[in-house]
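Asks: According to Swiss-Prot, the feature motif ''HIGH' region' maps to 11-21. Sequence annotations record features per position, and here Swiss-Prot assigns region 'Disordered' to 114-139. According to Swiss-Prot, the compositional bias 'Basic and acidic residues' annotation covers 114-131. Feature annotation from Swiss-Prot assigns motif ''KMSKS' region' to 243-247. The annotation ATP binding site is assigned in Swiss-Prot to Lys246.
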Amino acid sequence: MTTSVRTRFAPSPTGFIHLGNIRSALYPWAFARKMKGTFVLRIEDTDVERSTSESVDAILEGMAWLGLDFDEGPFYQMQRMDRYREVLKQMQDAGLVYPCYMSTEELDALRERQREAGEKPRYDGTWRPEPGKVLPEPPAGVQPVLRFRNPLTGVVAWDDAVKGRIEISNEELDDLVIARPDGTPTYNFCVVVDDLDMRITHVIRGDDHVNNTPRQINILRALGGEPPVYAHLPTVLNEQGEKMSKRHGAMSVVGYRDAGFLPEAVVNYLARLGWSHGDAEIFSREQFVEWFDLEHLGKSPAQYDHDKLAWLNAHYIKEADNARLAELAKPFFAELGIDEAALAQGADLAAVVGLLKDRASTVKEIAENAAMFYRTPAPDAESLAQHVTDVVRPALADLAAALKTVEWTKEAIAAALKATLGAHKLKMPQLAMPVRLLVAGTTHTPSIDSVLMLFGRDVVVGRIEKALV
């Protein structure tokens with residue numbers, strides 16, 4: 001019987017979740033969807049001092065925005081403490097763990113001596129019970145840690161889906177602390193129990209976890225489990241070549257939403273940030289799931305390129321439905337001081353978006369460029385003096401008169417402009433610039449006929465005539 005694929009995303013809610021973090025959700029999500037398996041969300045919140053509910057919310061919000069739906073969870077490690085203690089008790093009863101009374105100061109001194117002797121700093125097994133070995137007397141009033149009896153010989157090995165065969169000698173691994181003096185279990189132990197209980201078949205995570213893997217495999221086998229398939233993803237670097245982090249200026253996942261990026265663009269970009277399908281650059285979420293495999297995960301660090309993401313976002317904006325973009329733009333209008341009432345009274349927002357979206361790389365840019373349709377223009381005196389000259393004023397008056405009666409279409413408006421230019425022997429910029437300035441408040445707009453059509457007859461004629469009084 002074939003085992004159903006079960007993957008997981010297991011973030012620690014200790015702050016900021018950036019693109020490098022969320023990629024470790026995207027790939028296991030895609031693999032689970034491709035294999036018709038199960039995607040599990042687990043919140044590893046055992047670092048009580050640093051874990052916050054705000055960080056959990058940011059994780060859930062970021063995943064929801066990108067459409068990374070999970071089938072089971074979220075499971076919280078702090079809510080599973082009874083289960084961890086149960087397994088610890090089983091391990092104690094089986095002789096798989098032992099109490100260690102070595103103090104932090106003693107351990108630090110031991111490691112310093114080892115470093116001075118040119119040895120690898122590691123716990124030396126002072127309190128590890130062995131046949132015929134006499135252990136020190138436990139110090140009074142000291143609560144011990146619990147250490148896992150790591151095998152002393154042999155190797156722990158796995159075939160990593162990204163890095164290939166990895167073998168670590170057990171002699172290199174000391175006996176890991178799996179429970180603190182107060183009885184709370186440690187990270188590596190909780191991870192193993194969770195992966196075992198949740199029947200995880202594939203662990204796709206960052207390669208900063210490679211060093212944890214041999215320890216986790218040994219604990220897993222001691223508990224009677226078999227290791228999952230591991231795929232350790234190379235680091236995501238920022239544009240300066242440093243590991244992506246908040247400290248080095250990374251933006252949060254929802255920060256991209258708040259900057260006007262579309263989720264489909266971010267998913268497409270993230271998919272290519274460490275995986276490839278031939279030369280394909282642009283593909284839908286459905287294509288990504290269909291194509292995704294572990295064999296084509298990159299083996300080298302991937303470097304973030306903001307310009308590439310902006311280019312992808314511009315592509316998806318061009319493809320997006322105008323009504324959807326109009327809704328997404330509303331919060332950005334609010335930031336510009338333009339409320340829903342102003343939007344309702346002004347030009348049709350979906351039509352405005354349709355005119356402007358080909359020039360924008362973010363939804364925020366669309367709102368900024370569209371603001372002129374929902375504000376009263378306030379051109380400065382210098383611009384008015386430069387463009388609304390005595391030479392052009394008669395042409396403006398004739399144009400306003402013509403626009404009162406023409407059919408209100410782009411073609412009819414263009415014809416009225418052309419006729420006015422011919423009658424007054426003007427070039428297009430001589431007329432279009434002042435018209436733009438008086439109607440929109442700026443000399444920089446898309447094609448003048450399209451802009452005037454969206455402003456509407458009453459607004460266009462009224463603003464031109466007001467300037468001529």
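Using N, Cα and C of the backbone, Cβ positions are placed for all residues, glycine too.
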Asks: Determine, from DSSP, whether Lys246 (ATP binding site) sits in helix, strand or coil.
Replies: coil
Asks: I want to check the contact list for Lys246 (ATP binding site): same chain, sequence separation of six or more, C-beta distance under 8 angstroms. What comes out?
Replies: Gly15, Phe16, His18, Ser252
Asks: What are the DSSP helix, strand and coil residue counts for the compositional bias 'Basic and acidic residues' (114-131)?
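Replies: Helix, strand, coil within the compositional bias 'Basic and acidic residues' (114-131): 3 helix, 0 strand, 15 coil.
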Asks: Provide the three-state DSSP residue tally for the motif ''HIGH' region' (11-21): helix first, then strand, then coil.
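Replies: Reading the DSSP string over the motif ''HIGH' region' (11-21) gives 3 helix, 1 strand, 7 coil.
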